[in-house]
Amino acid sequence: MSVANDSASIWTARDDSGERGDTRRLAHIVALGQDAGAGDAAVLGFACDAGVARNQGRRGAALAPRAIRRMMAGLPAHNLRRLVDAGDVVCEDDQLEAAQDALAGRVAALLQAGAHPVVLGGGHEIAWGSFQGLRRWLDARGDREPVLVLNLDAHFDLRTGRPGSSGTPFDQIAEYCAARGHALQYACLGVSPLGNTPALYARAAEVGAVWVEDRHMQEAHLGERLAQLDALLAAAGHVYLTIDLDVLPAATAPGVSAPAPYGVPLAVVEEVAMHVRASGKLRLADLAECNPAYDIDHRTARVAARLAWRLLGGAAR
């Protein structure tokens, strides 16, 4: 495991300073090699696909943090005044557990500084590291308010096999919470019946998960879903939002390990994410499973960049 912060060459964008008005883009407001402060928007990369390999998936997600940053660089800053790039946690070979531990430490430090982090993955093994970071920060504060783990995903990722992989993070979170007496609030929205065995549905029921299948996550159901989400938010003190890009239709997000033949429209995914952000309870978000090795015209990286931009506060609701 190593930590890298060599993304200066990625943060480049056109210069429209000769035009009237605010022409800033994210590349013009990014802070490299600087500590995050209170209220700062921050991105942190998790360059890892060791968990995907362990889960018999297609490697390539380790390339995603750089690809997503490249698509973010030219986006207009709008409401953002400063964006801290906290670098990448890089997984060496199969040292997944060390990388997840390092990610947890970096996430906890950003939260302690008062920053608002979005983590750019990487395989969905990112979730186990992200959650541990949030939990470390809360534990250091003596905060035992319930945490809603909200996963927008075609898969439950509740596999019980070990060692951990991209298919196990929410089972690892469930075990962690059970061992420490924390209530687990796990919701998985966008579940594909084609991508989950009866055993995984049974495990979801066992851990008390709330789930909605992809066919009920279409635009026609948005009002019902937001009302359901409001009930979940009301019961939580904090929210960890994780978006697996394979929840989107393959035409929208072709560059993932397991493309979805049906999927949840981007408009719905984005509206759910913004609804969570507007609640004031979002502490941490991450984007998982972007795989540049299989992307088409940077389509998936562009979608990830848009979602990161919205989550960081790039545009008013």
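Glycine is treated like the rest: Cβ placed from N, Cα and C.
Values in this document were obtained by computation on a predicted structure and should not be read as measured data.
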Inset, instruction - May I ask you to find which of Asp35, Asp244, Asp246 Swiss-Prot records for the Mn(2+) 1 site already listed with His124, Asp153, Asp157? - result: Asp244
Legend entry - Distance, Asp153 (Mn(2+) 1 binding site) to Asp246 (Mn(2+) 2 binding site) (CA atoms, angstrom): 7
Inset, instruction - Go through His124, His155, our binding-site residues, and report the one whose Cβ sees the most other Cβ atoms within 10 Å. - result: His124
Legend entry - Cβ-centroid neighbours of Mn(2+) 2 site Asp153, His155, Asp244, Asp246, 8 Å, sequence order: His124, Asn151, Leu152, Ala154, Asp157, Gly190, Gly195, Leu245, Val247, Ala258, Ala288, Glu289
Inset, instruction - Count the other Cβ atoms sitting within 10 Å of the Cβ of Asp153 (Mn(2+) 1 binding site), across every protein chain shown. - result: 29
